[in-house]
Amino acid sequence: MLTMKDIVREGNPVLREVAKPVPVPLSDEDKQTAKRMLEFLINSQNPEIAEKYSLRPGVGLAAPQIGLSKQMIAVHTTDENEKEYSLVLFNPKIISESVEMTHLEGGEGCLSVDREVQGIVPRHARITVKAINENNEEVRLKLKGFPAIVFQHEIDHLNGIMFYDRIEGWVDPYKREINPSL
């Protein structure tokens, strides 16, 4: 079972890497890892389990957040109509996005970020994601609202992007300036 000790925190270089594609057909090891990621999210939303194991509630988790530079995400959330999204995806790509933008009123948070970050994170209101599911099948998901925001946040992790990188005027304290004169 994954716990908060397994979640890498900001400043860890793996969070800034572009994750590697997962070979298909999927290995049993990759399927198990993804299953454990989803299990973490489900457990984190259960008040008794979350309290017992000191889990912070989460709706999405990307493999880089557990130290693996692989294109794998898990999501466990619902939309405004209570439709549940509880799944793992491999090699997810956003293949279309709306011009219309949206954001979460209170800003975004992240299991890998132990502090509150103020600011609005602009996201596309609607997206289509293409990916491989745990049965090695290609799937396409049309998403809007909160699930669209969650999937964009997790797919950003696969590209080395933290949510606060998208806040206008944000300066990353962990980003190193490269001195061209050296």
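Using N, Cα and C of the backbone, Cβ positions are placed for all residues, glycine too.
As annotated by Swiss-Prot, active site applies to Glu154, with the evidence given as sequence analysis. Its Cβ placed at the centre, Glu154 (active site) has 24 other Cβ atoms within 10 Å.
Residues or ranges marked as Fe cation binding site in Swiss-Prot (evidence: sequence analysis): Cys110, His153, His157. Using a 10 Å Cβ-Cβ cutoff, His153 (Fe cation binding site) registers 24 neighbours.
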Field: Output field, Fe cation shell: CB within 8 Å of site CB centroid, site Cys110, His153, His157 dropped
entry: Gly60, Ala62, Gln65, Glu108, Leu111, Ser112, Glu154, Asp156, Met162, Phe163
Statement: In three-state DSSP terms, Glu154 (active site) is classed as helix
- request: Determine, to the nearest whole angstrom, how far the Cα atom of Glu154 (active site) is from the Cα atom of Cys110 (Fe cation binding site).
  value: 10
Query: Including all protein chains displayed, how many Cβ atoms other than that of His157 (Fe cation binding site) lie within 10 Å of its Cβ?
result: 24
